[in-house]
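Since the structure comes first, as structure tokens, the remarks are kept for the end.
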Amino acid sequence: MPIATEIRPVPGTLIDSAADLVAIPVVRGGAAPTALAAGAGVEPAELDARLPAPAAALVAHYELTGKPGEIAQFPADLGSGLVRVVLLGVGEGAPADLRTAGAALARAAKGHGTAASTVALLEPVADGGAGAVEAFAEGALLASYRFSLASEQKGAAPLETLLLVGADSAEAASALGRGEALARATALARDLINTPSSEKDPAWLAARAGVVAAESGLHAEVWDEDRLVRDGFGAILAVGAGSDRPPRMVRLDYRPQNPAAHIVLVGKGITFDSGGLSLKPNDNMKLMKTDMSGAAVVLGVMSALAGLGSRVAVTGLLPVAENAFSGSALRPGDVIPAYDGRTIEVLNTDAEGRLVMADALGYAVARLEPDALVDVATLTGAAKVALGTGTGALFSGDDALAAALAEAGEASGEPVWRMPLTEEYRDALQSRVADLANVGDGGYGSPGAAEAGLFLREFTGGLPWAHLDIAGPGRSVSDEGVLSKGGTAFSTRLLLRWLSADGPAAGPGGASG
Ligand code: BES
Ligand code: MN
Ligand code: ZN
């Protein structure tokens, strides 16, 4: 469901805004946390006079520290009747602090019509005033996201309007636009991820991709089953064989003028992962409508590239299939032909993601001449065990590409941690009857995330490549901060920041170095 909250930059001051909730930032640092009482154009003394006590006294009373997202609330009459005043911790005013603060404010403001806050004031504190506005908007909108198919909405409604007081400069407006673009791309992906698999089959997802492409000015191409057969996508077909809802492959092209580089993004699009004949226990299976998170992330990213003014040509590939359990399903022991001509012995049908990814990567290498490949997949439970739900696993043989992605993750609050592609583990994927096996024979306790990465690497043709395993951070178990329970679309903002970075040195242009 699209984010219901609207953000509007307005001139004036916090005092004269027409909001029923007014947030005053509290900054950490210095001798004591300070309420940035002034609001553009308001003297601290004037605001102090309207609060129940001077701002500094309230900060002391509530024992506020200025920690990002910290909140104290009380009623006050700022001049036009009683409103709720929120003292909002904004840390040092760094973008990450503001993202957290924006999310906390949006959560505190649920059920309200209009809230006003100010971030323009933080310019003297943070070095990037624009970065502050972008992150504040991003955090507030992400926290307002919700997905519900209930006949009656439970809980307070999202905040309707957030007024950013004093953020009405051209620079602030464009920063606000970037924050909004990042949040709305994420929401688009989250909606796809949260849609139940009864509705979300491969044809449905491909159709949604077509609609998004049309709306965002992208060229789209969809392979149906017949065309997948004709073009030799043997692994996608094999994974989809057990389902009576046949697989698809989607290609989306974003082509700016004079592109700085060409990047291919590949996203795992398993619309439901039962495990296939290597059936999952129910506790693991019940979450597997989210197994197309990689494809949703790539689609969300593609939808926002033009709006963010990315100067990189990007091709998005979504291999989409349902991994079902049936008499026509792929069997353990089957040997299947991949797009690149090699054969794969399938020893576990639950290691299906790497199979569909192999075909898409093979297609990219054979047909697209990219400068770099980046894939996103909810690929292994092992990555989740290793890094938990807060951090994504990053595998890459290319130091510059890995560093650029890690930096974009840091800047986005979507951290990824680089893991080794230990060469010795490659031996485990040796097959006696085919070119390659899809799993090692070590069973539980084997290095599952690295093995999956090494398997994918086989299909990257020696090109600069990075693999993001988001099985851990791809889902959230609670509504907290910028996350809502369910699909998180983790790495959407990371990839968008990477692909729309200003200087080529900081962006993907440096990837092949
Ligand atoms: N989709 C799963 C991975 C997954 C696990 C995603 C938990 C999100 C949360 C993937 O297809 C899978 O089943 N992987 C297997 C691989 C194994 C059979 C080698 C796994 O991780 O157990
Ligand atoms: Mn699986
Ligand atoms: Zn899977």
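From the backbone N, Cα and C atoms, a Cβ is placed for every residue, glycine too.
Per TrEMBL, active site is recorded for K280 (among others). Sequence-distant neighbours of K280 (active site) (same chain, 6+ residues apart, CB-CB distance under 8 A): D273, S274, M288, D350. DSSP assigns K280 (active site) to coil in the three-state reduction, outside any helix or strand.
According to DSSP, R354 (active site) sits within a helical segment. R354 (active site): 28 other CB atoms within 10 A of its CB, across all protein chains. If you look up TrEMBL, you'll see R354 (among others) marked as active site.
Residues or ranges marked as Mn(2+) 2 binding site by TrEMBL: K268, D273, D291, E352. For D291 (Mn(2+) 2 binding site), other Cβ atoms within 10 Å of its Cβ number 27.
Look at TrEMBL and you will find D273, D350, E352 tagged as Mn(2+) 1 binding site.
Feature annotation from TrEMBL assigns domain 'Cytosol aminopeptidase' to 348-355. This prediction places the mean pLDDT of the domain 'Cytosol aminopeptidase' (348-355) at 98.
For K268 (Mn(2+) 2 binding site), applying a Cβ distance below 8 Å and a minimum sequence separation of six or more within one chain yields D291, M292, S293, G294, A295, P319, G353, V356, M357, D375, V376, A377, T378, L379. When secondary structure is read from DSSP and collapsed to three states, D273 (Mn(2+) 2 binding site) falls in the strand class.
Taking a Cβ cut-off of under 6 Å from any atom of ligand 3, the recorded positions K268, D273, K280, D350, R354 reduce to D273. Here the binding-site residues are D273, D350, E352, and the one with the most other Cβ atoms within 10 Å of its Cβ is E352.
In this structure, D291 (Mn(2+) 2 binding site) is part of a helix by DSSP.
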